[in-house]
Amino acid sequence: MVNFTIDQIRAIMDRRENIRNMSVIAHVDHGKTTLSDSLIQRAGIIADKVSGDMRYMSCRADEQERGITIKSSSVSLHFEMPKEDKLPAGCTSHEFLINLIDSPGHVDFSSEVTAALRVTDGALVVIDCVEGVCVQTETVLRQAVAERIKPVLFVNKVDRFLLELQLNTEEAYLSFRRAIESVNVIVGNTEDKEFGDVTVSPEKGTVAFGSGLHGWGFTLGRFAKLYAAKFGVPEDKLMGRLWGDSYFDATAKKWTSNPQSADGKALPRAFCQFVLEPIYQLTRAIVDEDAVKLEKMMKTLQITLAPEDAEIKGKQLVKAVMRKFLPAADAILSMIVTHLPSPLVAQKYRCANLYEGPMDDECAVAIQKCDPNGPLMMYVSKMVPTSDKGRFYAFGRVFSGIIRTGQKVRIMGVNYVPGKKDDLFLKSIQRTVLMMGRKTEQIEDCPCGNIVGLVGVDQFLVKSGTITTSEVAHNIRVMKFSVSPVVRVAVEPKNPSDLPKLVEGLKRLAKSDPCVLCYSEESGEHIVAGAGELHLEICLKDLAEDHAGIEIKTTDPVVSFRESVSEESSIMCLSKSPNKHNRLFMKASPISMELQDLIEAGSDISSKDDPKARANYLADNHEWDKNDAMNIWSFGPEGNGANLLVNVTKGVQYLNEIKDSFVGAFQWATKEGVVCDENMRGIRFNLYDVTLHTDAIHRGGGQIIPTARRVLYAAELTASPTLLEPIYLVEITAPENAIGGIYSVLNRRRGIVIGEERRIGSPLFSVKAHLPVLESFGFTADLRSHTAGQAFPQCVFDHWASIGVVNKDKKATEVALATRKRKGLAPEIPDLDKFHEKL
């Protein structure tokens, strides 16, 4: 069954130009896991018979039951390229190692996709040809391009065109073309010079078509090969002719771009005539049971069926014949090997995105060259639970050097700063393993460019981190998730004596999922926060069954809010220190929505930028005063949030002495706003004037920190404080007769429809709407009951929107008071007099 050994795989691991690291990404239910089956079966890991139904990559019981992927899982495939195929540039051997990661398509788990993308260099994007590009396809594609990952495309479920919708060849072509165009629109609008052009097109060979369930697929190269001999035209020339507006005029025996022949007849498009027509004919012959025609075609195409397939009929026979004619795995694996980059190529342009340190230190140079003799640099992107309760494999990618069993390494957590001792551990690796879907295989060592699991480092890392042997190494950048944990529940054990188990379980849960947040409130509640309802449900199930192993009670889901302001402070706020010797003057004003999003994305502007470059950027693009922009003291909360502390004072003595205390107070205040203890977002605090005591002893941290916090709160309260709630972008696919039901459900839940369009070539409509997360609980069930189960919603976190001004608008005030009550704070929103003082 397995036709390669671990030693063979280990041998290829050293040939970096023959390695391909790739992930399979797509919208939910577009057939990633089923397609991965065909590829794994080609490598001989599972038997031919069960391929397509087995879902080898779904390792968990609940994944098998629900039929969705929840965690990404990885497998290493050994692929031998056919001898007659042209080898990619720089390769000398026909044997390749493909590390394939199957990732979830459901939007709630897109943090799993991010973790998978970080350790790979290429992505196989799967699209359902009937549904086209959906919300989640768009999200993951954007993420892939941002991580500088090269896509190739597989248009899946073509069998539905033949057997279910019965479209003619021209309609099928138009449908394919539209799907490919929408992918190119998403990946094409990046202006990344080093990364180059990443658009996909069939004539380049970066698009394959087929059916994952039936196990057949092809690229244009396959047909170009068939016809090259017949027409006497070289293959690569023919590939360009088999797509787009090119037609073959049989009477004049020449190619033309004119859809009419010399004598005025309409010509069929080359793609329809030479590629789709044979497939349609073959399928039709089987479905109509036309044995004579079938035999003749099979003879021409040199297809011979196995003896045991002689008796089958109908769809099963279609599957058997098409698999022999166009095996999917061969087409896709050669596309991956030919068009996706090896670590050697990819790390050159990915290094700048990955590494936080300077681009000329030893680690950066080793990463760019993918150098096995350089210092070890490995990024751990997630933790994978082992069969041994409570222990995890650290799953990641080696970017340079070699990692060995028993090697002493430096384990650096997310908060590690070079030169300091925090979040740094010196430990040795217990074992290195190869991840093979449901199993793991032990290996001695693993050279750079490969994906590997480690045993024995899980106690030192929370979710992700960097492992290195170099003393000067900086961290590899933290991943940016497209979803944020906005839905929270409080958990408690049914039996109070189980509390220690719950706490231990929460720690393990936080490790096992890249996106989940576990923390305790001051009121003593334990909170679990997730990206959405489904994500939370899976996390709680894991917590009860695996991580804690106890029965738990949960509260209703609650939503996180953000506090913001809507105008500049109405008065200059003043606070005096407890000893009355120091005075701080401050105002607050809102930051534009656009700038808030940029800061949170961390791409164009972040706290780590060079202050001068940042000031120029703000002055040119966001109409900031250059002097103000130079004097940004801090971003908050956590040192990177979307609130700014700006020093606009003129000629104040001793100001630098209190800067650290002030920044500390700012981080504290922005983490717990005054309205209801939620994070602040989008507030710019301007420090106008400071009067300090001349004696250093009277202006220590104990005097400044509480005063600064009070003046920050006063500034927020005088600037019309608002509450922001998270909003989902919902995409709903449904037939026409269900549209009415969708609208009524959305209206009841404060949803706003922003667009509806018909999917060409299919009977489905797609409706896009904005829906407050607060109203989204039970939305799916409600929607299904109103549309007789025909509507499928997908929710993805989109933006923050204001509910209204606190103490003016009824809704905002109610929400604020309810949140205060839930957190056990004083029932009323504090008065301004508590914070603002008279001169």
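The backbone N, Cα and C atoms fix where each Cβ goes, and this holds for glycine too.
Remember, predicted model here, so these are calculated numbers, not experimental data.
What Swiss-Prot says about this protein:
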- 26-33, 156-159, 211-213: GTP binding site (BINDING)
- 17-248: domain 'tr-type G' (DOMAIN)
- H698: diphthamide (MOD_RES)
- Message: Within 10 Å of its Cβ, which one of these binding-site residues (A26, V28, V158, L213) has the largest number of other Cβ atoms?
- Response: A26
- List the same-chain residues at least 6 positions away in sequence whose Cβ sits under 8 Å from the Cβ of H698 (diphthamide), in sequence order, or say none. N579, H581, N582
- Using a Cβ-Cβ cut-off under 8 angstroms and a sequence gap of six or more, which residues of the chain neighbour N156 (GTP binding site)? A26, H30, G31, L35, V126, I127, D128, C129, G210, S211, G212
- Note on the structure: Min neighbour Cβ count (10 Å) across binding-site residues H30, S211 flags H30
- Item | Reported mean pLDDT - the domain 'tr-type G' (17-248) | 76
- Task: Return one of helix, strand or coil for V28 (GTP binding site), based on DSSP.
- Result: coil
